[in-house]
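What follows is one structure encoded as structure tokens, with my remarks underneath.
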Amino acid sequence: METSSPRAGSQPAPTAARYFASCRAEPLRVSSRDQLAEMAAASQGNFEGNFESLDLAELAKKQPWWRKLFGQESGPSAEKYSVATQLLIGGVTGWCTGFIFQKVGKLAATAVGGGFFLLQLANHTGYIKVDWQRVEKDMKKAKEQLKIRKSNQIPTEVKSKAEEVVSFVKKNVLVTGGFFGGFLLGMAS
């Protein structure tokens, strides 16, 4: 990180001076919009001494995707909303997701089943001739390839994403519970 040199003839604001004096030994972390606004207002004046500058591009690269999307205050929802609000948000989004999933699932099942039925009908009437020996041979090849490629180790990408999901669920138990309950209700309606 680079440091800025002081400008001559300037006096720092008292609140900013206290804040910056307490942060000189440790890296600069901003936890709320109020602190950020206070720092921005204080930086309009000039400071004496050396301060670290914050490279936002580097900070953004290190943040998880949900922090980039929702901002710094996107921690556990338990800190921001009441229990009823969390359950309501989770339940409504879960119900909507379950309802849409049910409708799309029915449509997809109908399309696949109808296509299979039409293929069977075309085969039965003689429009299509299926070489069942070739199909069986190809299926055996596919089974062998799957046995060869099969491994008991989970890829690291899958493992890291699973850990992110588990962490999110642990931090937002009420929203997650409401979502799954709403999802089941949406699937049933």
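Each residue, glycine too, has its Cβ placed from N, Cα and C.
Membrane topology as recorded by Swiss-Prot puts Leu56 and Met187 on two different faces. Within 10 Å of the C-beta of Ser53 (phosphoserine) there are 10 other C-beta atoms, taking all protein chains into account. Cβ atoms under 8 Å from those of the transmembrane segment (81-101) belong to residues 172, 174-189 of the same chain, restricted to positions at least 6 beyond its ends.
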